[in-house]
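> What TrEMBL shows for this protein is this:
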{"type": "BINDING", "residues": "Gly116, Val117, Val118, Gly119, Asp120, Thr140, Ser141, Lys153, Lys162", "note": "NAD(+) binding site"}
{"type": "BINDING", "residues": "Glu195, His259, His277", "note": "Zn(2+) binding site"}
{"type": "DOMAIN", "residues": "78-190", "note": "domain '3-dehydroquinate synthase N-terminal'"}
{"type": "DOMAIN", "residues": "192-341", "note": "domain '3-dehydroquinate synthase C-terminal'"}
Amino acid sequence: MNAPSSPAPSANIVTVDLGDRAYDIHVASGLLQQAAQYLAPYARAGRLLIITDDQVSQHVLLAVANSLNGAGLSHEVFILPHGEGAKSWAQLERMTDWLLEHHVERADHIIALGGGVVGDITGFAAHIVKRGCHFVQIPTSLLAQVDSSVGGKTAINSGAGKNLVGAFHQPSLVLIDPDVLRSLPPRQLAAGFAEVVKYGLIDDAEFFDYCERNCAAFFAGDKDTQTQTIIHSVRSKARIVAADEKELSGTRALLNLGHTFGHALEAETGFSDKLLHGEAVAVGMALAFRYSARIGLCSMAEADRVATLLRSAKLPTNLQEAGAVASGQTLTAHMLHDKKMSGGTLPFLLARAIGQTFLSHDVELNDVAAFLDQEAGLLG
Ligand SMILES: NC(=O)c1ccc[n+]([C@@H]2O[C@H](COP(=O)([O-])OP(=O)(O)OC[C@H]3O[C@@H](n4cnc5c(N)ncnc54)[C@H](O)[C@@H]3O)[C@@H](O)[C@H]2O)c1
Ligand SMILES: O=C(O)C(=O)C[C@@H](O)[C@H](O)[C@H](O)COP(=O)(O)O
Ligand SMILES: [Zn+2]
């Protein structure tokens, strides 16, 4: 069901154009105070099931709860522990048991209120409970607002690696209120900015310029800059997802820029708050550009420009800052679990310039390992 919702007068709406699974992303300041207006069509018998985490429940839940209460809608809340460790079989089992105890029905919409962790695991639970129900994304971290809430990649991590058990399952609606970023810790804001910069690096050099010019205002909390940045990012993501929903043609794989390196670093640091996903992606993108320079695809000046912007957002750009100084062989062993692996080879996202990323099928993993040894200072 794609229930109609009357947007707040000032809401910006971006549509993810996926035919009968199309949905809208509403972006507006103060949206959560009006959550009931958007969620009422999804409340079966006047009740909603909300999944959140133990930090978001302290900072954001009240605004949503007040809105629902004011509209006479009841809700039940399931609280995950915060952090990447919650994307686990154990938490998925707890969550699905809870949903079943609360008599979730196939036509129901579960509400994911939180960062990418809450969104990814809730989306996956929605995909499997009763062989598939629906969900609404209310992303509360910058990373979730600009990236994870859009596009329907849902997953948990497995012992073998990142996001290895999951499904494509699109949400029915995405509600983004930039105001909630006020309570987001600065380190988490920076982590989300890495995925923002990614859109510039993929195919939008002009947006990369915008990020350079507006980075200071963004981190100073300028509301207009933050809102425009979020809107531009979700437009990019919606466009790429609509072109290649299930990552079949290579277009959506562009969104994986920096992630082959990044996921290996997250695995090496134990999927913990030692290295956040966005931080791992920042290091991964800097590495992808330096590797592209090493093999003569782009200039080192271009790679330096990427690292400079990431550093000005206080993001790590090398293995030392990531706390993941490991041998090339160790890191490339993690990469063998990458979901892009095909026929025993791993395509890599490389770049000819800022805004000119492409999927290369010619990369030798041994050469990547040698590059990483050099980056780690293990070679002369
Ligand atoms: N599905 C996708 O397309 C996709 C895309 C990118 C990332 N991801 C996944 O998203 C996850 C990372 O997401 P994330 O960076 O949002 O991490 P997260 O969900 O752990 O949230 C970051 C932290 O901020 C807290 N938080 C969130 N919103 C807050 C707010 N408004 N105020 C105060 N605290 C708040 C959370 O409790 C958490 O501690 C990773 O697992 C990554 O793999 C998925
Ligand atoms: O939506 C996509 O497609 C992405 O690749 C977005 C990434 O930022 C995100 O981290 C995604 O989960 C990584 O995809 P995966 O397929 O490698 O798990
Ligand atoms: Zn990512």
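Note: Cβ is positioned from N, Cα and C throughout, glycine not excepted.
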> State the Cα to Cα distance, in Å, between Gly116 (NAD(+) binding site) and His277 (Zn(2+) binding site), rounded to an integer.
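About 10 Å separate the Cα atoms of these two residues.
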> Can you list, in sequence order, the residues of the same chain other than Glu195, His259, His277 whose CB lies within 8 Å of the CB centroid of the Zn(2+) site?
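The surrounding set, listed in chain order, is Leu143, Asp147, Ala194, Lys198, Gly258, Gly262, Gly278, Ala280, Val281, Gly284.
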> What's the number of neighbouring CB atoms sitting within 10 A of the CB on Glu195 (Zn(2+) binding site)?
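Glu195 (Zn(2+) binding site): 27 neighbouring Cβ atoms within 10 Å.
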> Ten-angstrom check, please: count other Cβ atoms within 10 Å of the Cβ of His277 (Zn(2+) binding site), all chains counted.
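Excluding its own Cβ, the number within 10 Å is 27.
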> Return only the integer: C-alpha distance in Å from Asp120 (NAD(+) binding site) to His259 (Zn(2+) binding site).
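Spelling it out, the Cα of Asp120 (NAD(+) binding site) and the Cα of His259 (Zn(2+) binding site) are 16 Å apart.
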> Averaged across the domain '3-dehydroquinate synthase N-terminal' (78-190), what pLDDT does the model get? Just tell me the whole number, please.
98
> Nearest of the binding-site residues to Val118 (NAD(+) binding site) by CA-CA distance, picking from Glu195, His259, His277?
His277
> Just counting, how many other CB atoms are there within 10 A of the CB of Val118 (NAD(+) binding site)?
32
> Could you put numbers on the helix, strand and coil content of the domain '3-dehydroquinate synthase C-terminal' (192-341), residue by residue per DSSP?
106 helix, 0 strand, 44 coil
> Tell me which binding-site residues (Val118, Asp120, Ser141, His259) have a Cβ under 6 A from ligand 2; sequence order is fine.
His259
> If you run the three-state DSSP split on Lys162 (NAD(+) binding site), which class comes out?
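For Lys162 (NAD(+) binding site) - judged by DSSP and reduced to three states - the answer is strand.
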> Pull the DSSP breakdown for the domain '3-dehydroquinate synthase N-terminal' (78-190) and write it out as helix, strand, coil residue counts.
50 helix, 33 strand, 30 coil
